[in-house]
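Note sheet for the following structure.
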Amino acid sequence: MIERGKFRSLTLINWNGFFARTFDLDELVTTLSGGNGAGKSTTMAAFVTALIPDLTLLHFRNTTEAGATSGSRDKGLHGKLKAGVCYSMLDTINSRHQRVVVGVRLQQVAGRDRKVDIKPFAIQGLPMSVQPTQLVTETLNERQARVLSLAELKDKLDEMEGVQFKQFNSITDYHSLMFDLGIIARRLRSASDRSKFYRLIEASLYGGISSAITRSLRDYLLPENSGVRKAFQDMEAALRENRLTLEAIRVTQSDRDLFKHLISEATDYVAADYMRHANERRVHLDQALAFRRELYTSRKQLAAEQYKHVDMARELGEHNGAEGSLEADYQAASDHLNLVQTALRQQEKIERYEADLEELQIRLEEQNEVVAEAAEMQDENEARAEAAELEVDELKSQLADYQQALDVQQTRAIQYNQAISALARAKELCHLPDLTPESAAEWLDTFQAKEQEATEKLLSLEQKMSVAQTAHSQFEQAYQLVAAINGPLARSEAWDVARELLRDGVNQRHLAEQVQPLRMRLSELEQRLREQQEAERLLAEFCKRQGKNFDIDELEALHQELEARIASLSDSVSSASEQRMALRQEQEQLQSRIQHLMQRAPVWLAAQNSLNQLSEQCGEEFTSSQEVTEYLQQLLEREREAIVERDEVGARKNAVDEEIERLSQPGGAEDQRLNALAERFGGVLLSEIYDDVSLEDAPYFSALYGPSRHAIVVPDLSQIAEQLEGLTDCPEDLYLIEGDPQSFDDSVFSVDELEKAVVVKIADRQWRYSRFPSLPIFGRAARENRIESLHAEREVLSERFATLSFDVQKTQRLHQAFSRFIGSHLSVAFEDDPEAEIRRLNGRRVELERALATHENDNQQQRLQFEQAKEGVSALNRLLPRLNLLADETLADRVDEIQERLDEAQEAARFVQQYGNQLAKLEPVVSVLQSDPEQFEQLKEDYAWSQQMQRDARQQAFALAEVVERRAHFSYSDSAEMLSGNSDLNEKLRQRLEQAEAERTRAREALRSHAAQLSQYSQVLASLKSSYDTKKELLNDLQRELQDIGVRADSGAEERARQRRDELHAQLSNNRSRRNQLEKALTFCEAEMENLTRKLRKLERDYHEMREQVVTAKAGWCAVMRMVKDNGVERRLHRRELAYLSADELRSMSDKALGALRLAVADNEHLRDVLRLSEDPKRPERKIQFFVAVYQHLRERIRQDIIRTDDPVEAIEQMEIELSRLTEELTSREQKLAISSRSVANIIRKTIQREQNRIRMLNQGLQSVSFGQVNSVRLNVNVRETHATLLDVLSEQQEQHQDLFNSNRLTFSEALAKLYQRLNPQIDMGQRTPQTIGEELLDYRNYLEMEVEVNRGSDGWLRAESGALSTGEAIGTGMSILVMVVQSWEDEARRLRGKDISPCRLLFLDEAARLDARSIATLFELCERLQMQLIIAAPENISPEKGTTYKLVRKVFQNTEHVHVVGLRGFAPQLPETLPGTQTEDTPSEAS
């Protein structure tokens, strides 16, 4: 018998009152006795903490917290510890005699939350001699020890050999180890399991009936039937998967046409685009090559045109240069002609103005003389008028003074003053300081004589001035003429220079007369020179065009050679057109033949594709139509044979399925009716009783019972006799055996065992001999073995049936394919390959194109040579008439010589024209230049001085005359005399005044008349001078203009200039005509070059674009080809017949397929997205990706194990066949998987019966338990009424609710929930789903109601409630229930842990003083019978008779608390034995 594990001891380290204390635990009851606060609860708390180190659960209440909603913040643990490291350890020994120490390290965490840190650990392999306190403490001296930390403990244990130390980071791992080693009774996998365990310990600790446990006794006592639930879940999952698969199969079958449509349209969509890109790539390559050929041709043409353009541009540049010089010459000639005409007009004007100037010069000289005489006379008249005016003024002054003196007394004084003033003025003017009035008359005569002398001298000088002025005028005129001709010079050199000028003028006139003959001669030579230069230019141009220099003598021979070449080239050019026409005709014939073959090629390719498909499908090669028809007959025969074999395999497969279904019945009943009869009779099938028989014993028992192996074992046959009457729904032979199903054996028969057989003595006169069956089916193991072999056979048959079905369908499809081929393609399939002929004709066409290009090139060169020869002949025709000019080498020198002479003559003509008139005027007056009349200036000065002397003498005489006249004023004798004297004087003065005024009037009249005449003369002179100056200035301007013109205006100059201009105009017109021709030709050439350049740029751009497109397309095409080859779809996409369709047709085909595909994949998000991406024309590989995605989608939908061909249509047809097979197989599988509602009810009922029996066995162990008035305790298990109704309906009335269980939309759990709602509409299901409710209904525990009952006194059996029991009775009843829970846990966990381990059993009971002695004895008896350990706490007045008792006393010594512990074993009269681990000094001397 397996020995149960036990707790050996509890060790507390550094707890409040316990520094290092180990409590040895009794094998039955350990009592902690002591007063209040002695440490009993602390000790139990340490035990519970080591057992369940979960701070979320631990809560050590005390009686002061009764009714409180929450305890202290630390839940009672923080205050039970001391500062520092604390330990609580349990020393255990399990059924395997392994010592295991488990415990926790505790430590207070600083802070107001009063938290505690817990670390669980375990120690294995510790020797029995080592005490727990020795592990975690270190002795410092006799009275001091130190607690080791967890790390130090680990290091210490690592040093001990064979000892294993484990520290746990999770409570789950800690409890898992304790469960595996048999320390706790149940595996605590989750926090919920730990909570149940803690509530059980808590209920045990505080005693009484725990409502938390009694309310959920099902969770504590009834094991979870996880196997059944998992079986149901697996069944539902399998059914769900089966139904989903069936639904997918139905959808796939309904989508077959869609798949075909999808494959067809996807193939058209992608293959059309694939072939269009392939065609475009080939077309682009051809276009790129054509562009390159055309590019090279255009470059050659452009180079030729550029050479031609350079030649023409050079010639045009020469003509432009010549035209520029000709235009300059022509413009110069025109300007020269204009200048000559202008010079002639200027010369006429100059001559006219010179004649006018000579006439004006004469008139001006005459008018000068008249004006000079008038001016002299005017001066005299002015002098006389002035003198007369002065005299009148003097006389009037004297007469006024005199009148004034007469009027005033001071007259004489005034007169005297006036006389004195006159005397002073006379002294001043006459320079006579000694002048007196008396001597004034004498001096007057002297000065009047001097005045007369000065006047005479002045008249003499005036005559001399007139003569000198005439001589001076002639010299100046002659000098000015010389200076005008020669320039500035000294007056002394005038005579010599004038004679030299006159001699030079004669020479210049002689040279000027030679201008016209020289000009004519020069014009003639220049014309010949220009013709010579033109001939040289033509020769140079000709040589340049010919690329060779020619002598003059070679030109005539060259002319004849070129004419001969022209004749030969003309014949070659005319014959080239006929050859070109023949080549073009052959090219057109080839093109027509190629077009015809291209139209026939798609039909032939379609026939070849069909023929190749047939060859691949049947593995035969066909070379004629007769072979095709013969093979078709073979197919028909093969199809008939395959159909026969398929039907045979199908019949055998159905038989195997029926046998498997029969053997798969629950309980081994081959007939479903047997289960119903067994339930009806209250019996058990014999096969169910022997369901656990081994495979080795199955043949024996099968032979033993023979036909009665399907019998029903009933407790009493007499009780079912009445039920047999009228029984019809049963097998033909129904065997009934009387016996106890719980203890049935094979002793009902007398049997003799033979070799592989038995003899059963049914009666004295009836024996049965049965051999051991080769394939026994009695017992679950035998049936499973047989079913396994049948399944293997069925798999082989299914595979063979599927293969044969495939073969039949394949043969049928092959027959249809041959029929279609014969009807559509047989007539063209075996004709010659048109593509090979097309390739041969294309090669010939390329040769013809190359020949045409060569011919065109040769013809073009011949035409170019022909044109060059014609141009050479034309140039020679212009050049040959001028050969004599080319030979004249002295022409240029003669032109230069004549030009020099002409320049000299023109210079002389200009000199004569400019200075001829001056020389003509100088010649008659040149003699006056011999003497220079320079004294004329001196004479003018003398004349001016004499004129001033004569004026001064006149003033002096007048002043003296005034003094003489005023001599009387110097002395007056008296006033009378003065008045008479004044009267005379006044009369004289008046007479003189009258004479003076008359003289003044005459002088004024003469002055006025002479002034008017002088003014008239002056005006005439001014007019003449102005006219002279104007004409002189105009003449000078005309002469300057003539000089600026720089031409000599003679009679022949205009004619020569006009002739030169006309010649240059003709040359310019010819040059312009040629230039225009060259410009037109150059413009045409430039246009041609521009067209060629534009064409070349376009060709280069097109070529580069095309090449780039080709390169890009090549990279993309390589990616496409790589993708196509990697995915193996090249054969499907490369449809050669599409190569003969145009790009528009292929694009239209692709677009139509795209429209159909958009509708087809509208409901598939993945394909819709891939299709949308594939519409990008720049990314052709995405269409391949779409095609691959379609096939991948079809593979996923069709199942890859079905697709046995690369052809998608065949794959779908094979899929259809396989789907029909799968549908049949899955339908039968669903029938096998689907458990009936009756079976479910039976399983749940049997499980309930089993658990009721188990509870009944547990009740037997509690019948003898009694506490106070409680005589017995039991558990009452009942089936809920609503659930019992559900089980009845499931068993008997399932046909009424088949709408739920046969629905494919509902799982079995959901159908069960719907049925429960239908039967109990009054129950509110809340927010729970039918699936959740159904899963709960599949758990048998939800069908049961459990309650604890007690047999108390006279009340009988009552429901155990705290209110109906005393405290002690409640504690005992609760402890009984807990013992039952622990035992139930052990039974449930026995299958989880090793069978050689019996776990520890330990419960707590705090405050056991509420129990009386009889109740405590009952606890002792219960612990002994159940091998359970119990720790109870009681005050000092309670002492049990058995077990181990610890007396705890808390003492205080020097502010330090410690608990004094004394351990006693039993209550015997002898001295108690001191227990290990206690202090001897604490043991009392006697028991009390």
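Cβ from N, Cα, C; glycine included.
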Swiss-Prot feature coiled coil, matched against 444-472, 705-733, 792-820, maps to 444-472
Out of 326-418, 835-923, 977-1116, which stretch touches the coiled coil (509-602) the most, going by CB pairs under 8 Å?
835-923
Helix, strand, coil: count each for the residues of the region 'Flexible hinge' (666-783), based on DSSP.
45 helix, 26 strand, 47 coil
Reported mean pLDDT - the region 'Flexible hinge' (666-783)
78
With the cut-off set at 10 Å between Cβ atoms, which of these binding-site residues ends up with the most neighbours? Options: ASN36, SER41.
SER41
Whose Cβ, among the binding-site residues GLY34, GLY35, GLY37, GLY39, has more other Cβ atoms within 10 Å than any of the rest?
GLY39
Residues lining the ATP site besides GLY34, GLY35, ASN36, GLY37, ALA38, GLY39, LYS40, SER41 (CB within 8 A of their CB center) are THR42, ALA1433, LEU1448, ARG1450
Secondary structure of GLY39 (ATP binding site) (DSSP, helix/strand/coil):
coil
What number of additional C-beta atoms lies within 10 angstroms of the C-beta atom of ALA38 (ATP binding site)?
24
If one looks at the chain holding LYS40 (ATP binding site), which residues at least 6 apart in sequence have a CB under 8 angstroms from its CB?
LEU32, SER33, GLY34, ASP1406, ALA1433, LEU1448
Per DSSP, to which secondary structure element type does GLY34 (ATP binding site) belong, with helix, strand and coil as the options?
strand
